């Protein structure tokens, strides 16, 4: 935190305050952003696991994989880790291509999917330059066993709605799915699951429209970069490199 | 010979239809879990089959406009046949893409709630219009024949009476009116067919995330590919099911079709070579990796053997020899050779379509993503499963059967012209 005068134990309290302040404003006056400090990510994948648990993700669906890379040349080699949530682009290619109006950008910057409208054509998956959308083919973890336990059918709460998985045809099975920045948690004043479980305090979340928020200060850093900026997607997910 | 080919088509299509039912059963019981496509390679065999059939349909339809719009006399009698071929292929294409949807029963949303910024929505609208145009055009093209056929006895006559929709006017002025209507419909059909098949190309071309598709040439390549495959298919179909099969005019028509197909196959090859050279030279991985995979990857034979050898070299040689060099009436085997060349081009074009759809998706958009998390569908390799193949076999067989049944029951080719040698 060389460029920030904030104690590590203060970070989460500060982000929660930022969150509450943002929630007090009308939706179109806030813009949610996530900042990932790659220098602090240790590649523990706690965020990936927390996300799977929080959103009840079935096999084959992942919102926040952590990509490992080796950089340098032997013997000067090190590993870097890059979590990849949905970028929540300001100019999302996935929204443009959807033939059924099943996905759109909310005023607060989150790209939303209505699973009841999605026809499962997977055009958005192909159009996303970040591979951030995955196809839910309707698997259960207990496939191949004689019994599907009830916890596999428990509802997910994405986009503030309840999506039970009673059978394999129920949406979101058959749909494209992606990270929602844990909207259902944010609405309740809670930070996204990946943020709260990040061991190294590498994941930040907040309102970039609020000049006093922690994320506003972070994205003003010269270390900041956005993935594939050349695509003109203007992601709301920033990386500190 | 032609009778035998007709019988063979019935046999293969019937067998394919029955075997393919198992794939359909799997698709409806296991859903998409039976397929090998997933999250990183979201489009597979069924999308390739869809653009393959839609290309055949568009190509065949565009050739029909040579009859009804350009009034090319030597093709006069195959107008209805090419329209009906376009119809059968369109049905195959639509079923193929319908089965590919995650929620197939929501397909109505594409038409009822279209997003006009999405090429796929435009496809929904354009296909509906095209479907309608083909049906109306077919009806007007067959109207007089239907009235004539309806005068007889039996099931075929009864069907003709139903399809004729109560129309009875066979006067010269009515026939002239039909011709005018067909010309107008065909004229609307030309830009429509160009729009929807160029549109399918654009559907891929606009995807900036996939550099291999992202080219202004893609819609054009789709159109030329449609003309090549659809025209070639028609050449093969006309040989077996066309009118006047043994007259000198027939040989003349086949040679004309052969020359058209030859020119378009070569033009298509030119576009392909251009795409590949430009893509390889700059060595930008997003584009060069898919091209290398097509040319030298583990499934190189799809390109070199199926497409280049059986889909270009052999047909071009056959067509050049029989449609261009041979003089009329010499030996009398030119028609068969042209038909064989057409059949080869039409069938092997599936390789081109597969090589458009799959390779674009094999390159991870973010390096290392393939190792980040595991699960079904989170991989960058794709090989259609047996179930996927069976579904495609069923769809193809269904289209062929639709064609054969329609041919048998409807006056697509006049009775007098049908005599089989």
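Placed from the backbone N, Cα and C atoms, the Cβ positions cover glycine too.
Just so you know, TrEMBL annotations are computer predictions that nobody has curated.
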Check your understanding: Which range, B:367-388, B:389-410, does TrEMBL list as transmembrane segment?
Key -> B:389-410
Revision key, fill the gap. Per TrEMBL, the transmembrane segment among B:143-163, B:332-352 spans residues B:332-352
Practice item. Tell me which range among B:81-99, B:100-118 TrEMBL lists as transmembrane segment. Key: B:81-99
**Study point:** the transmembrane segment (B:220-240) in contact with the transmembrane segment (B:119-141), cutoff 8 A, at least 3 CB pairs, sep 6+
**Key:** no
Point to revise | Other parts of the chain folded back onto the transmembrane segment (B:301-320), taken as Cβ under 8 Å at six or more residues beyond its ends | key: 232, 258-259, 261-262, 265-266, 269, 294-295, 337-338, 340-342, 344-345, 348-349, 351-352, 354-355
Exercise for review: Between the transmembrane segment (B:332-352) and the stretches B:7-25, B:45-69, B:119-141, B:184-208, B:389-410, work out which stretch tops the count of Cβ pairs under 8 Å.
Suggested key: B:45-69
Check your understanding: Considering only Cβ pairs under 8 Å, which range in B:7-25, B:45-69, B:81-99, B:184-208, B:260-281 makes the most contacts with the transmembrane segment (B:389-410)?
Key -> B:7-25
